[in-house]
Amino acid sequence: MTEPVRVEVKTASPYPVVIGRGLLGDLVAEFDGARTVAIFHQPPLAETAEAVRAALAEKGIDAHRIEIPDAEDGKDLAVAGFCWDVLGRIGLTRSDAIMSLGGGAATDLTGFVAATWMRGVKVVHVPTTLLAMVDAAVGGKTGINTEAGKNLVGSFHEPGAVFIDLATLETVPHNEIVAGMAEVIKTGFIADPVILDLIEADPKAALDPSGTVLPELIRRSVEVKAKVVAADLRESDLREILNYGHTLGHAIERRERYKWRHGAAVSVGLVFAAELGRLAGRLDDATADRHKSILDLVGLPTSYDGDAFGDLMKGMQTDKKNRAGLLRFVVLDGLAKPGRLEGPDPSLLVAAYSAIARDPRPAGGTVLL
């Protein structure tokens, strides 16, 4: 990919997702008209944030960089409160803007802060992990975690633009790319089987940030999400398909107190959802089996603690897709044919979980992808 690619998210307030390399000039131009810009970044990205701040300052913009905690630790009400305090101190107004620089947790938190500050100010996302590029940064979902569950406090607040600089993937740990691949694979199963074909043809190339396959996977994933979000911004119907594998995945994250990466938890959730679809008579064996095989190819987990089912059931009871006290799952009726399964018999859930259950982990053990 030599020239930047623009994917338009055609909602009521349309915005571009720009995919390419060396996008600093395009990024800075996005803030024309703002007097003040707050750059919220995770700790490892201080140097990049400073480069953006300096470029904005050269244009006469009063830019500030503010460090936020890494990963899920940042998606906390206390951190949001800190961010609001900073915005107050620097005098950020509705004609100004906020920028996120980091992974999915950074986009979730920063989007939430932007949605709530003065009831909504412009936010521009610069995702730096694969997961954030193909999922969190696109679509306008924002949120923080509470004891009640993951992302239960949040808002829909669309960004003004998203800039995906592929060069940033060359600096992140390999396991970050592996974790993000869960969302890419999910997209392949619900909407674009070519994604699965590309990964299966050369798993190593699919994980190589300097090659040509990964940018293609990112573009395809973003295009799918853009179409779904344009049709159903507020997740009243179609957008639920993007939560394929997430019902169990979120419950795993909560049980692990967010020490598991999101992608690792979703990977297990995908295998569970496939088994659920198979047992419900909705999904053919070949497509169900393909879930585990392709996730194994890229090094993602496909099993979880066999003693955890009771805890996970409690976690799934808080899922946002549930209605009238009934669990609701996204399942497949075939490749790229997502549907819903409402109120499945508990015995079906037990049977599906048995397919992913493994021996309980050693005391104090955990899995960090």
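Cβ coordinates are placed from backbone N, Cα and C, and glycine is handled just like the others.
Checking the candidates GLU170, GLU183, GLU200 against Swiss-Prot: the one annotated together with HIS246, HIS262 at the Zn(2+) site is GLU183. In this structure, THR171 (NAD(+) binding site) belongs to neither helix nor strand by DSSP; it is coil.
The binding-site residues under consideration are HIS246, HIS262. Their Cβ neighbour counts within 10 Å are lowest for HIS246. In this view, the densest Cβ surroundings among the binding-site residues THR107, THR168 belong to THR107, judged by other Cβ atoms lying within 10 Å.
Measuring Cα to Cα from ASP70 (NAD(+) binding site), none of the binding-site residues GLU183, HIS246, HIS262 fall within 10 Å.
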